[in-house]
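Peer 1: Mind looking over this structure? Questions follow.
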Amino acid sequence: METSALKQQEQPAATKIRNLPWVEKYRPQTLNDLISHQDILSTIQKFINEDRLPHLLLYGPPGTGKTSTILACAKQLYKDKEFGSMVLELNASDDRGIDIIRGPILSFASTRTIFKKGFKLVILDEADAMTQDAQNALRRVIEKFTENTRFCLICNYLSKIIPALQSRCTRFRFGPLTPELMVPRLEHVVEEEKVDISEDGMKALVTLSSGDMRRALNILQSTNMAFGKVTEETVYTCTGHPLKSDIANILDWMLNQDFTTAYRNITELKTLKGLALHDILTEIHLFVHRVDFPSSVRIHLLTKMADIEYRLSVGTNEKIQLSSLIAAFQVTRDLIVAEA
């Protein structure tokens, strides 16, 4: 009877792990599991070993290991049974105002632990989403309760954190992961999950993720579930990103066809494949850098493309911006012909 009861308990746990998103299933559990930023990790490890952990400010692009690093530190500092009472993890973008500081953070930081020596840990993810007033209130809380609480702020943009908070923390920048570091970890996941992946599929994953491990794993999982095979084409289709052949066609139409034909063809392709003009613009921008255009032509194109990207970001009509992009390339064509 006891054996069958144990089996019943194990089955839901196994199912729960199996159903986890891969970003959580393969999240590093210790500092040694992390694949990058060894200089930062060794410094933090030294702080922990010497029991001198300062307030931390971890910043950098998404998916580079900031949250995983501090959670691994917390697991090293506290046993499982005391984790809940010693660590407060909050996402500042859920509640960005001053109430989050005066409420849960203040009450957690101000209460001392009876049974355990050492400090509590407050992890504030997406701290750059906090309002100015909330950040000023947090500064005062940090000053007041440094004796028994350590704060770790995590953000993407350091410039959005007030100088008074920055000066009270030890800052570490987490840069994008290199392909050399990402590929072995992705291969490990592929092996564990028995994913059918081609070489060009792996390259496409690394290219589209741009050093963001979380994005790479999400694309890998969704492509595998949607298509059963991960190739360059399925990866690009799953993310709605234009293929190289699509970009080649778009450029050919813009430079060699008249305006009306180019506009019609590109609109049909966008509708057929569900492409966003922003993604097309990003790929064309890379093409402009690769091709040996005369300087005046390149400057003209990049200026026009920068204007179009800005207008797209503030929510203007995509059809008008597509017309503007085609017009910019047709003017470029005339400039090249005139200079020849």
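Just so it is clear, glycine is given a Cβ too, placed from its N, Cα and C backbone atoms.
As annotated by Swiss-Prot, N-acetylmethionine applies to MET1, with the evidence given as a large-scale study or a structure entry. Annotation source Swiss-Prot lists ATP binding site at GLY60, PRO61, PRO62, GLY63, THR64, GLY65, LYS66, THR67, citing sequence analysis.
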Peer 1: Per DSSP, to which secondary structure element type does GLY65 (ATP binding site) belong, with helix, strand and coil as the options?
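Peer 2: Its secondary structure by DSSP: coil.
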Peer 1: Give the sequence-ordered set of same-chain residues, not counting GLY60, PRO61, PRO62, GLY63, THR64, GLY65, LYS66, THR67, with Cβ within 8 Å of the centre of the Cβ atoms defining the ATP site.
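Peer 2: Result: ASN156, PHE174, ASP212, MET213, ARG214.
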Peer 1: For PRO62 (ATP binding site), what is the tally of other C-beta atoms lying within 10 angstroms of its C-beta?
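Peer 2: The Cβ of PRO62 (ATP binding site) has 16 Cβ neighbours within 10 Å.
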Peer 1: Kindly assign GLY60 (ATP binding site) to one of the three DSSP-derived states: helix, strand or coil.
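Peer 2: Its secondary structure by DSSP: coil.
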Peer 1: Identify, in sequence order, the residues in the chain of LYS66 (ATP binding site) that are 6 or more apart from it along the sequence and have a CB within less than 8 Å of its CB; answer 'none' if there are none.
Peer 2: LEU58, TYR59, GLY60, ILE154, PHE174
Peer 1: Within 10 Å of the Cβ of THR67 (ATP binding site), how many other Cβ atoms can you find? Include all protein chains, please.
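Peer 2: There are 21 such Cβ atoms around THR67 (ATP binding site).
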